[in-house]
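Worksheet for the structure shown next.
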Amino acid sequence: MTVLLGVAFTLLTLGSCWGHQPDRLDQEPELAFQPSKYGSLWPLPQKVQISEVSFKLSSSSFRITDAKESAAGPSCSLLQQAYRRYFEYIFGDVKTQNVNKGSRKGPAELLELQVWITSPDSECDGYPTVSSDESYELSVDQPVSVLKAPKVWGALHGLETFSQLVYEDEYGAKSINATSVSDFPRFAHRGILLDSSRHFLPIKVILSNLETMAMHKFNVFHWHIVDDPSFPYLSRTFPDLSRKGAYHPYTHVYTPTDVKMVIEFARLRGIRVVSEFDTPGHTQSWGKGQPDLLTPCYAGSKPSGTFGPVNPILNSTYTFMRQFFKEVSTVFPDAYVHLGGDEVDFTCWKSNPDIQKFMEQQGFGQDYRKLESFYIQKLLDIVTATNKGYIIWQEVFDNGVKLKPDTVVHVWISSSANSEMSNVTASGYTTILSAPWYLDYISTGQDWQKYYKVEPLSFNGTEKQKNLVIGGEACLWGEYVDATNLTPRLWPRASAVAERLWSAKEVTDITDAYSRLSVHRCRLVQRGVPAQPLSPSFCPHEYKGV
Ligand SMILES: *[C@@H]1O[C@H](CO)[C@@H](O)[C@H](O)[C@H]1NC(C)=O
Ligand SMILES: *[C@@H]1O[C@H](CO)[C@@H](O)[C@H](O)[C@H]1NC(C)=O
Ligand SMILES: *[C@@H]1O[C@H](CO)[C@@H](O)[C@H](O)[C@H]1NC(C)=O
Ligand SMILES: *[C@@H]1O[C@H](CO)[C@@H](O)[C@H](O)[C@H]1NC(C)=O
């Protein structure tokens, strides 16, 4: 395998030249490359056995087909499109491929991968959910390999695994070893958060990120779509929100068509799109297009001209939220909407005499957390009425707001994450973890190791509590991220999170991980993803720019 040899050789030759980096001691250790018995699979399947029997694959004869017995036939365009995608990933640009054809006699040729959806309802036309069956079984053998999955979601993952088993031999020809895989995710919710408010993210960069997510079996795109700096979501009901709150009313907005495109592109890759509309804080941009929504702040006895969080004491606020979230519930098909609720600054509320009066009437004393809870409680009722479930940042739970039993609490504060995970699950709520995975914090060196070593269930709690952890998300906040640097900053650092959330708990061998990840990263580069390097080394097919 030229890929493996290349990386190994380079590490050996450069081993003595790690110079000019006085602060290396703070960093994760450099690791030595040894070919893994799992090849370059990433994330590692639950059960996999790769034999030493290898077959050739050629673009002119290899086919991906529907098994006769499959519940999803040619009319399932989700699968047909995936076959085409993976054929192209496996063989690259077919025009330049045939050079090697027939140049070598020897191993038998693998001719066909049959895809067999085994349950009567393939879910081909549905949306993935938190309880989707993502399992699959793959048997690579000659002349016919079989990929079996109850639903299309597992088939998508199995196709990715199949494509990762293909490698180039020393003559540049494609080979694959006889292999058997039985696979399913450890956690149901495996997400990436992108922030399109601090910087506008063009649709193209969002779509290519979804593509890369699918290569890692990530299944949730958490779209932190609006925030203080800008409101790019074009609302049909309240068009002034983006007209006045986006960085630019035409070029820096997501139209209803754009949003639809993102959702469908994600669905075709087994990815849910969970939108976040964070309130009552983080809402400066909302105020520009919706008068009276935000609280006027006071300087002494006069309004200062600045505004704080959403004004929780006006009926008009709730009328607005009711209409707004009604729209959101129809635009985004996912069963959950993320309602934020983090980092509410009370200074402005405290300065406002009307708010003070309201606090007194309600008997809240000086406890502004009670006012926040008053607002959130009403918002949760509004969203419940749209038949959606909700995800909220941990503060909402911390402030004692009454939550529906199926609420998902999103834990992000890293200093107390273990204690918070214990508390949230002890109260019976499901939870997702992001605290250790804020990928917008950067450092040099192999920081992926830090993300890799996280064990989401390391908190104190009963088995029942641990079962309430449905997964986690890697977050890439957008203060210093736009289309120029998003992909290399996220990948392959987020790849570490992908394996932690998919693979078995026991998969913790960091040296084996490094060996697989090095080759996986080169595969990303070969597929056109500008994923940043892990260490001094080279890829057989370097990134060529766009
Ligand atoms: C695949 O087969 C080849 C040829 O027998 C062998 O050298 C290689 O180690 C195998 N790959 C893996 C990952 O087992
Ligand atoms: C707001 O609505 C409540 C409940 O419907 C009502 O009692 C109250 O008078 C309203 N306040 C204003 C200022 O309209
Ligand atoms: C969890 O609950 C305990 C007991 O009430 C409390 O002492 C601790 O501060 C809580 N942890 C967090 C992160 O809020
Ligand atoms: C678990 O609880 C024990 C005993 O109360 C404590 O010493 C330990 O630090 C806790 N571990 C974590 C990860 O919170």
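Note that the numbers count up from 1, one per residue, in the order the chain is shown.
Cβ coordinates are placed from backbone N, Cα and C, and glycine is handled just like the others.
TrEMBL labels come from automatic prediction, so no person has curated them.
In TrEMBL, the cysteine linked to Cys348 by a disulfide bond, out of Cys297, Cys475, is Cys297. Cβ environment of Glu343 (active site, proton donor): Gly281, His282, Glu395 lie under 8 Å away, each six or more residues apart in the same chain.
Each of the disulfide-bonded residues Cys297, Cys522 was scored by the other Cβ atoms within 10 Å of its Cβ; the lowest score goes to Cys297.
When other Cβ atoms within 10 Å of the Cβ of Cys76 (disulfide bond) are tallied across all protein chains shown, the result is 21. Within the same chain, residues at least six positions away from Cys124 (disulfide bond) with a Cβ under 8 Å of its Cβ are Ala72, Cys76, Ser77, Leu78, Leu79, Ile117, Val152. Across the structure, Cys539 (disulfide bond) and Cys297 (disulfide bond) place their CA atoms 56 angstrom apart.
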